[in-house]
Each structure stands twice: as C-alpha cells, then as structure tokens.
Amino acid sequence: MNQEIMNLFNPTTPAQVFDQIRISIASPEKILSWSYGEIKKPETINYRTFKPERDGLFCARIFGPIKDYECLCGKYKRMKYKGIICEKCSVEVTLSRVRRERMGHIELAAPVAHIWFLKSLPSRIGLLLDMTLKDLERILYFEYYVVLEPGLTALKDRQLLSEEEYLRAQDEYGQDSFTAMIGAEAIRELLKGLELEKLEASLRVEMQETESDIKHKKLAKRLKIVEAFRFSGNKPEWMILTVVPVIPPDLRPLVPLDGGRFATSDLNDLYRRVINRNNRLKRLMELRAPDIIIRNEKRMLQEAVDALFDNGRRGRVITGANKRPLKSLADMLKGKQGRFRQNLLGKRVDYSGRSVITVGPELRLHQCGLPKKMALELFKPFIYSRLDAKGLSTTVKQAKKLVEKERPEVWDILDEVIREHPILLNRAPTLHRLGIQAFEPVLIEGKAIQLHPLVCAAFNADFDGDQMAVHVPLSLEAQLEARVLMMSTNNILHPANGLPIIVPSQDIVLGLYYLSILREGLPGEGKLFGEAAEIEHALHAKVIHLHTKIKYRWEGLDENGKQVSRWYETTAGRTMLGQVLPKSVKMPFDVINKLMTKKEISGVIDQVYRHCGQKETVMFCDRIMALGFYNAFKAGISFGKDDMVVPASKWKTVEDTRTLAKEFEQQYNDGLITHGEKYNKVVDAWSKCTKKISEDMMTEISAVKKNPKGGEAQINSIFMMSNSGARGSQDQMRQLAGMRGLMAKPSGEIIETPIISNFKEGLSVLEYFNSTHGARKGLADTALKTANSGYLTRRLVDVAQDCIITADDCGTKLGIKMRAIIDAGTVVASLASRILGRTAGEDLRDPLTNKVVVKRGTLMEESHVDALQQAGIQEVKIRSALTCELVNGICGKCYGRDLARGTPVNHGEAVGVIAAQSIGEPGTQLTMRTFHIGGAAQINEQSFIESNFDGKVTIKNKAIAKNGEGHLVAMVRNMVVAVTDADGTERATHRIQYGARMRVDEGDMVKRGQRIAEWDPYTRPVLTEVEGIIGFEDLVEGQSISETLDESTGIAKRVVIDWRSQRGGADLRPAIVIKGKDGKILKLARGGEARYMLSVDAILSVDVGAKVKTGDILARISTESAKTRDITGGLPRVAELFEARKPKDAAIIAEISGTIRFGRDYKNKRRISIEPVDTTEETREYLIPKGKHIHLQDGDIVEKGDFIVEGNPAPHDILAIKGIEELAAYLVNEIQEVYRLQGVLINDKHIEVIVRQMLQKVEVTDQGETDMISGEQIDKIEFDQINAKAKEEGKKIATGTPVLLGITKASLQTRSFFSAASFQETTRVLTEAAVNGKVDPLEGLKENVIVGRLIPAGTGASMAKIREVAVKRDKLILDEREKQATIVPSAPEPEPLALPTPEQS
C-alpha cells in the first residue's frame, strides 16, 4: 500500500514520445556519460551482512540504494530526505528502482577490440583496414607486431613482424627509425589514422579501373563500409574499447539462497574476470613488470572482454562451476530465450486461466460456458468494485473476505459483472487468427469450459482432452475490440479462402443428410400437404415417413418481395429444413430441396451470408445445428461388419491385373522394356486395379436395394457417413472393403507388390509387414513436420509483418493476367474462383459485342463474375499486390476483398500477417495429416490431353509426321494446339509434348472430353525427321555403349554409357545418323545433317542398317520412377519456393529466341549455343554437365524461356528472363499445386503478398552519377528516391534489375533492424546496424511491439491517424497565435483555446 503512496509523490516520468530509434557505436565519452561511477573491485556483496561492497559490482554509491528512500548505513530514512546524499556512506536517498537504470563503467588499462566488429562476418575492422581476420587476430592476441610508420627503413606500411623479426629490425635500423606496435593499441592507431574521405575517393577510382569481377566486389564491400562510417558519424577507432560499460545491477541480480549460497547471473562472473585481470594489469604496469608478462596479461584481458560480450565466439567457451557455458551479453539477446523473443515479443498476461473443454450443444454461437469457480477468480477486481459501489464492503480486505466465503450476494454480483463482458478463448497452437475468439460467458457448474460445436473447426479443437485458455479484456476499449472484431459471430468466413468456417461437421452433417434423403416406395407417397403442422401430425401418426416423397405447398417471397405459394415435390424431412431457412427473396425452397452433404450445407451457409447478412447466418447456423443433432440422435445410425461390402468383381480384377503384371515381367525378360519401365508399368497397373475395385465397391454400397415389399431398403450406413462428408473418405472405405493397394517404402518409392486384402478380410503376415512402413513413416513425419511447418510460418510472418493496407488506391495502371488453370484436361482452378473479390485492371469487354461488361477499377462481386462467364471471357487483367505502387504497405484496390468479411478491405488491415497465417496454418494441419491414408500410395502421372470444349482444332508451329505404324506424331517441341469455337475465339491452348501421338489434325472438329494427344509418361523418345537407313557414329561397344545381358532374362539391350569416363572415350560423340541409299548422311529440311546426339542412359530402339520412316523412335530415355507425393514432399517444396532456392537439378532456360547449335565439348560438359533471331543480340552459350539429357538437336528453334534441359526452373532465372509477372505466376501456381494436392484452398492473393515482399530489392547494374555502388542490393524505395533526386539535379540516373530474395534473407534485410534482429542472427544484424548508424522508422508491427506501443494496424492505425490530424491542427493553431502575438504586442493575452485531445477527436 505505501508503495502506491510513494508513487504519488514521485510521479513516473512520462513515456518518451519518439518516431524513430537510431543505433550506433558507443564512443568512450558516451559510455562515461552514461556511467554513475567506476567499478574498481570485483567484489559483489558481503556474505555476512548481505550489503553491497563499496566500488564493487553492486556498489550502492554508484548504482543507488537497495531499499526505497533509505541510505546504506541507515542514517537517512523516509521520503523527507529525498535527493540527499549521505555523508557517511555516500548513497543517494531515492527509489531503489534506479538500480535498474544506472550504469557503471570499467576503465581499461589497455584498449581492447570489440569482438562483434572483429569476428562477426564480414569483419568490419578487417574490411576497413583491408587486412585478413587471421592477421588481425595475430596482432590483437600479441603474436605479431605491425609497422605503423616505416620511416626511412625498408619495411612496408602495415607489415607484420614476428618477435624475432621485430628485434632484428630494431638492431638493423635503430630503435627510433620506425614505429611498430602490437595488440589493440596498434589497431586503434591504424583506425585512428584512416582518412575516410581520401580512402573513399581512391576506392571509387580503383573500382572504375579494375577489370576483375572478384576485385570489384571486394572494393564495393570496402567502399560500402567506408561510406557507412562517414555518413553515420561513427569513428572507426570506437570499435576498439578503452572503457567497458557495466549494466545496472538489477539486470544481473545476485540472490542469496538459504544455506549461505548465492544464485547469480552469469554476467557477474564475466565482469569479475574482466575487473580482476584489469586490476592485475594496472598493478603490473605500475610495477614496470617485464614486457612479456604485461603482454600476456593484456591478452588475457582481451579474452575476458571477448567472453563478456560474446562467449564462445573466439577460442574456448568459458564455463562456470558446473561446466555450463556462461551466458554473455550477446546470448542475452539471442534465440528463443533471448531478450527479444522471450520478453519483448512474447509476454505473459494477467487475468487468464485454462481448463479442459467439453461440448456445449445448447449454447448459442456467441456463447461459451465458463465454470463459476474460474469466473469468480478472473473477475475479482470487478466484483470488488461492485461490492464497494453497493455498499456491501468498505475496504478491499472486506470485499476479499466476502468473495472467499462465497456469499450469495457475491454470485448475484458475478452475474451482473459478467453480463455482456466478452472473454477471449485461445487454443494452442494458435496457427491463425481464428485460434483466439471472443465469447460471452455463461456461468456453469463443473470445472470444464464449454465450447460451441460449430467453432471447433476454427480452433481445430476436439473433445479428447484438449485444453483452452481464457483471457479477460479489462479496459473498455479492449472489450469493444473483442466484441466488434473477435466475437465468434463476426468470424464466419475463413480468412484464407473466404468460405464459411462455421460449418457443421460429423453428427450434424449426418443428421441433416438423413433428414434430406428421398426414398421411393414408402408409405404415404404422393400425399399433398399445405403446411408444416400437417406434416408433423402425419409423421406422428406414422402415415408418412421422413423420407417419403410428398407434395408440399411452400410459402415464400417472389422477386418483388410479395408472398407467393408454390408446389414442390419433396420429403417430410426437407420441409423441416425449409422451416429454418431465412425468409428472403434469394432463398427459395430449391436451395435445400436436395440431398444435403457437407459441401451443400457449406454452400447454403455461404448463400445465406451473402444474401441475408451476418445476423441471419448466425441464427440459421444455430438452428441447423440443433436440427442436425436431434435427427442424428433420432436416426440412430450405426453399422456392423456386413455393412462393409466387398465387391463381387474384386477377385476377377485382381487376377486380370496379375496376368498383366506377369506380361510386363515377360516383356522385361524378353528385353523389350527396361527394368525402370517394367516397374512403372506394374505400379501403374496395380493402381488402376485398386481404383477399379474402389469404384466397384462404391457402386455396390451406394446401390439402391429393394426390400421384399417393393419399397426401397435402408441406405448403407457407412455409405451415408462417407457420402455426407460426416466421417471417413472413399480412401478409408476402400481400405476397409476394397483393397489396400500399393504401399510406399520409407524412402518414398512404391513397393511393386500391392496389398490385395482389405481390413475386413484381414491382412496376411507379409502384407501386414509391408504396410508397417507407411504407418511408421506417417508417425515419424508428423513429429518432424510440425516443427518445420511452424518455422515456415514464423519466417512468413517475419517477412510480411509490415504489409498493411495504408491507402484506398495507389492509382497504378499495372496488373497481372489471370486465366483458368487446367491440368490433364480438368479445370483445377476456374477463372471465376481466381478473380472473385479482385479489382478489374482494365475495362473487360464482351468478345462478341465489344460491350464493356466490367469497368476498370470495379471490385468484382459474384454478379460480375457470372456476367464475365456468360460473355465467355478467357483472360482477365486484375490489380494485384505485386504491382501496387505504394511506398509503404499496399492499397485497398490492389488487394481487393477482405476474405474474412466479404467486403472491400479496411484501412489498417494487417494483410501480410493474414497471408502468412493462411499459408502457414494448413502446413501444420497437413503435416499432422500425412498418415490418414496409412501411407497408401497415390500416383499421378499425366499422359494425355483432352479437349474441355467443343470446337475446331488449329495448330501453331505445326510439324506432324506419319510414322511407320501409321500414327500421327508431333515432331517439334513448340507445337501448340488451340481449340476455337464457332466465332473464332480461342477457348483453350495446349502445348504438345515432343513425340506425342496426335489424335486430331488441323481443322478437325472436337467434342468436349475427346482426346487430342497422348504420350508415354515414363519415357522421352528421340524421333527421326527423315526416312532412310540407320547408321551409328561413335557407338563403340564398351566405350560409349554397353550391351547388357539382363541376368534374369539373358536378353541383350543396348544402353549408352558415360563415354567420357572410359579410357580413350573423351572425344567420342555418340549419335545415330540416317543415311540415304547411297550411304551418305541425309540433309534435314531445316539445315544440318540427320544426326541425332545421344545422352547417357539412352536405350537404343533400332539397329544398324534398319529402315526407318519419319516419326519413328530411334532411342528412348527413361524418366524417373514414380514416387509418391504427399505434403511431406510438399512442405519442403513450399519452403524451397519461398526461400527461392535453386532446385537440385535446375532446368536451363533459353535467354533468347534463336537456333540451337552444338559446339565443341569440354571434358565433362557439353557446349550449346543459341544463335539469336534478333541480330542485335549476342549469341548465348551454355555448358551442360554430362549425363543431362538435352532433348534438342542441332538446328532446332527455341523460343525465349523454353527449357534447354528439363527440370524445375530456378525462380531467379524466370525473373531474369521472363520478368516479374511470369515469376509470380510460376510461384503462385507451384505453391498452389502443393496445397491443391491436399485439397487445401488458399486464395492467390496471400501468396502474391508474400512474393511482393520477396521482390523489394533492386540490384544496381549501372550507378550512373549517383552515390550507389554498382552490384549492391538496395531497397526499391531507396533506389527510386535516389534516382528522383539525381533527376532533379540533372545527373545521370542509375539502372537496376529486380532481385528475388528468399523469405529468410528478405526478413534479415528489412528496413527495420529491430525486426531483423529479433528474427535471426541477432549479433550480425545489430553489428551491421550500429556500423551504419541505422535509423528504425518503427513502421512495422514487430518494432512497435518491441518498443511497447500500439501497432500501426487495426485500431492502432486509426489512432495514429487521429493523432496525426490532432498534431497538425495544434500546430496550425499555435502558428496562428504566434502570428497574432507578433502583430499586436500590446494587446492583452488571449484566452487559451481548449484543445481537444486526440481521443476526443
């Protein structure tokens, strides 16, 4: 209590108002100005009296008193002596809190290098002096002397001399003829002697003169650091310390334990070592000890200071008494337990509790059940104040007693207090913002929190022992925000994809599905009913059944909102659903007059939300939840063993496949196919078999059976559960009653022998053993992937945290093009789904009438999208975060619709964090879901193209040949088949693979679903373009070709082997040539000879002397064997894309359009050049490693951006060759691909936001007449600013190219050093920032959390805006007053205007 009174007299200093924070190197003078006194002794506190020793590490004279307002000796006590310094013990009488603020210092007897600037790479001292780290360490740790002033001697400036060389030089030249020093003093002198202006000028000159690339880079680095020191006002010699600051004692406490021992912070030990060694050095210097001893002591001092700043950075780690490394100052900041992440970004909060959750089906959507005991504890302060207000208690003590006794009036007051006071529920792990939601508490008995079933999906909660935490928002503002922004009723849509997340699942779905079933031939079929009451009566009287087909008169509203009645053919159950539907024009009975699966219900909720608003949706959800639960209970659905129907056709299918597998085995034995092909084909056959059995099982289970009376029998329960989406997937049913199918090895390869049994029949021992792989891998993956996914989310949040909506419209004309994504003939993502909720980037016109359908700048709602679909528009230009031109943040138009609200996005919305959560959250979900299918292998390989539309075929770059078998074969790589409709609009374009069999020709009409082309997905062919006779070149047995006898078959097959590794094979160039009748090599139409180069591992399909027709296969190259894909391959893939890593076998991409020419080969590289079509460009050369299959031949024509060597393209190449839009499309599609495989929907805009953050930097290619350095990476914004300035001054501007940074790199290079330091590599970031004297503008979220302010997003953004307005207005008023004061000096003083506070405004 008296603490509070004291605080009244000592008002806390108001919080400083600042806009930015600067970090720089502390000069010795600065350190002394912070200090309150020098620490001379290593003692801490007296172990008997527990009082701090004078001049020691805890000295009260320097740091302040231990008890409030009491000096150490006790002469002065109490407030009245405030500020007096006791003459006996020299301690100032003040608050003990100053011991957290006051610093001390240690005067070093010899200067010491700061290890961060020495060892944190790149070494700043090393760069400035242009010395290697090794040499620096030799000088600093007293091994070598360095020459500072060579004088007239033959020594060079900065030459290193060992002890003997130094002594010899002194003898030779005389002691005073040159100056050489050793240790940190020497380095300090060198740094002091640097003339930065001159150095910078000479470096710039040198850079322009140098030819070598490496040297240029090194000079650029030096120039950058020289500039940094010049502009930041830091002096280079400050990197050498002469004074060491000592942090306040309360930040490195020493606590006495019982038994006379002490627990102490490691820093005290480290400081003690420094002080001991420093004092010893001082004494030795006073005693004029021999040089060698002093030098050793100086080296030890340097090591002690190194350990204090960053223990373990150099040399041995210094350990404490228990062999544990001591935590140095750097370790205090670093890592998860460091100051940044533990205390500044993650704080513990008061007023919280946690308990187990149970289900609360009778709650409303905005409620949760809170145990009375918890409520009483959490709302204590409110209860106390209420008791006081009601006069039931006069003091807090009394109130406490009342509450502890749990008097009846306390419960009444608790009810009052809780009413309309929202509380927050949180379930860890909080992967996205829906992991914390606000509810109104309902008091319940018991000890478990009750949760509404519909919000479980958002929390990812279930009731198998999950726990949740409760938090109480205290202030009125916090309560308001909780109610308006976080209430569960305000979070109906998922921020990741805009679909409802308040969706019934499991029992509710099953109940609703059961309710909406329609079965033929039930009693009472065809009866007419006028209203719901009649139906209810009939049901009770058992005249009709829930599923009976009846006629029903439904009363609704027509388009004009008038009452209308219509007859519907429906069932009794569906009329019940009709009762809970909101009455609206847009909600006819048709919406629910169908079989309700989970997907359908989700659709209905979505429609209700779009047409009837939020309130109706919430009420509707609550009603259908009750209906679903009730009917699931009434239906009493359960299943027995016989409900799992094994299809009758199973064994026949299995036998057929076995025969097929045997055939492939035989073909392999006969040498017709390779081992790899056989493997692929067998695996393929079995997966087809599994699929067929699965389909047969589904048809048998779902078949409508008749009962003896001629009516329909009950529907199979398992089918009902799976079909409704309540529980279980088709895959799980297949494993129960079909066949388990193929299994994967832990390495990801598929085992050739499948598991033929299902769980109903039971597995054989071998099958069981084979299936253990998948199950174990699943469990192991789960553990590993959770961590990986969490780390990915953290990196994403870090890179995107300062992406905030800061304006309505940036006014850009740019945008990106969107079209539907089609894969293997199926539409994977429709154009409609991709452009919904985005802003049109141009006027969209109907291709037939040329009428504008959607104006530029319109936010596309559902109605617009429908109009576009009807007009048949295939491609739409939309605004995107990638092309937004705002300097800070993103504008609302470029972002589009706020997915979680379904409205245009608000100012201050933290879209970056939402994007990161949306991408990261399913990562964890998926990783936890790998083993749901028990590792059953799923293979997907595309091997054909189907038309999605009816239309006419047109072929671009046509080159088709008829081969020996009479099939049409595609002969080029850039052939495109387009399907056009009647009026000539292109509906679809397909790139045709080389060697594909064409099923259509130019001008053919195709129907939807008709095959256009097909190919073997497992091999790549080499085709002949001319008819003739085969000849071999350089195909030498044992050198470039090996005829392998397959052990199992005894049949020879010829494979090209690596000829460069064989003796005498370096100059071979194996190829197949086509000769004419005269034995000469034929010429090709496109120039060049008919010579086909072969790569390693090619399998020959022809023999010397054989006749071939155009389009015949000469050789085949096998592709990789099929691996299973699941998100375990997926998560690393997503990380790889976001980190912009170069893939393992990167594709080589043509940088220009032109003709391929093969050059001379190197030892193990093959040289290819492209002769450009455009003669102004120069020829590009590529060196391709051996063993890579180049599927191009001499003289082929390639387009810019085509692949020369297959593989995954490196994102950097795409950016360089095709530009930003292509890169964005590639990244978005590749990432979406991974998530789509798992059935996860994420809106493209989230990925675009992250990609925008990866493209923030520009690499300067030509510096022009600016201060930038060519080759350096600089922020896009800074780059533009510098260029604008140069333009104003009429100088030549710099040019640059956009650079793609991975998310980790981008996070570390943000403009805010606070954000970067709290992310990773804290030491490096802080060192760099200090050298550059960086200023943190505090724009992002993290920086503001760290300095303890409101974040500039959400309500914080509007507060900041109001404050800005207020400051401007105040300034105007004050300026006005000053003017008046200067005009009329004699006038009486005006009344002060009442300035409204920012809050009022």
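Cβ atoms here come from the backbone N, Cα and C positions, even for glycine.
When the ranges 34-57, 658-681, 1162-1185, 1378-1401 are checked against Swiss-Prot, the one recorded as region 'Disordered' is 1378-1401.
For the Zn(2+) 2 site that Swiss-Prot gives as C884, C891, C894, the extra residue drawn from C803, C810 is C810. Note on proximity: of the binding-site residues C71, C89, C810, C884, the one nearest D464 (Mg(2+) binding site) is C884, by Cα distance. The residues near the Mg(2+) site, meaning same-chain residues not in D462, D464, D466 whose C-beta sits within 8 angstroms of the mean position of the site's C-beta atoms, are I357, A461, F463, G465, in sequence order. Nearest by CA distance to C73 (Zn(2+) 1 binding site), out of the binding-site residues D466, C884, C894, is D466. For the binding-site residues shown (C71, C73, C86, C810, C891), fewest C-beta neighbours within 10 angstroms: C73. Looking at D462 (Mg(2+) binding site) and C810 (Zn(2+) 2 binding site), their Cα atoms lie 45 Å from each other. Listed in chain order, the extra residues whose Cβ falls within 8 Å of the Cβ center of the Zn(2+) 1 site residues C71, C73, C86, C89 are L72, G74, K75, Y76, E87, K88, S90, V91. In three-state terms derived from DSSP, C894 (Zn(2+) 2 binding site) belongs to a helical segment.
Annotated pair C894 (Zn(2+) 2 binding site) and D466 (Mg(2+) binding site), C-alpha to C-alpha distance, rounded: 40 Å.
Distance between Cα atoms for C86 (Zn(2+) 1 binding site) and C884 (Zn(2+) 2 binding site): 65 Å, as a whole number. Among the binding-site residues listed (C71, C89, D466), D466 has its Cα nearest to the Cα of C891 (Zn(2+) 2 binding site).
The local packing around C89 (Zn(2+) 1 binding site), expressed as other Cβ atoms within 10 Å of its Cβ over all shown chains, amounts to 17. Note: the Zn(2+) 2 site is recorded as C810, C884, C891, C894; in the same chain, A807, D809, T812, R879, A881, T883, E885, L886, I890, G892, K893, Y895 also have Cβ atoms within 8 Å of that site's Cβ centroid.
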